[in-house]
Amino acid sequence: MNKKNQLTEKQSAILQSEMKKHQKSVGLAYVLCIFLGIFGIHKFYLRNVRQGIVYLILGLVSIPSLIVGEFTGLISFGASGNLLFRFGLACLAILVILLIIDLFTIPRQVRQANMAAEDKIIDQLLSSYGK
């Protein structure tokens, strides 16, 4: 049975009010993905903290590795800079692939985040009112 059907009218009104506070926006998720996706900000917004940390680490590792690797390679003409540059490039490639996937899956991710928030609020309402 659907837990939402178990709510009283008062609980349903509280649910709607709480969902207005916690509901995530597809538009904002896209904006965050496009402009700050390299740091995983859109994942943190959608409450996917683990994935956000992965994106953040990839972003924070790839950019400095590319810069330092290129700079070191130019100065020393050695393979150490080239290796660091390639590592940064690989991290950036993984991140770009993940971001492209996100561009196609953000609506589903937002729906899932909103459904999870709604389920959590419903559980709190049902447990606090003893229903």
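Quick reminder: no glycine exception, Cβ is built from N, Cα and C everywhere.
Annotated features in TrEMBL:
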DOMAIN    23-66  domain 'TM2'
TRANSMEM  27-46  transmembrane segment
TRANSMEM  53-77  transmembrane segment
TRANSMEM  83-105  transmembrane segment
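Using DSSP to sort the residues of the domain 'TM2' (23-66) gives these counts of helix, strand and coil: 37 helix, 0 strand, 7 coil. Averaged across the domain 'TM2' (23-66), pLDDT in this predicted model comes to 98.
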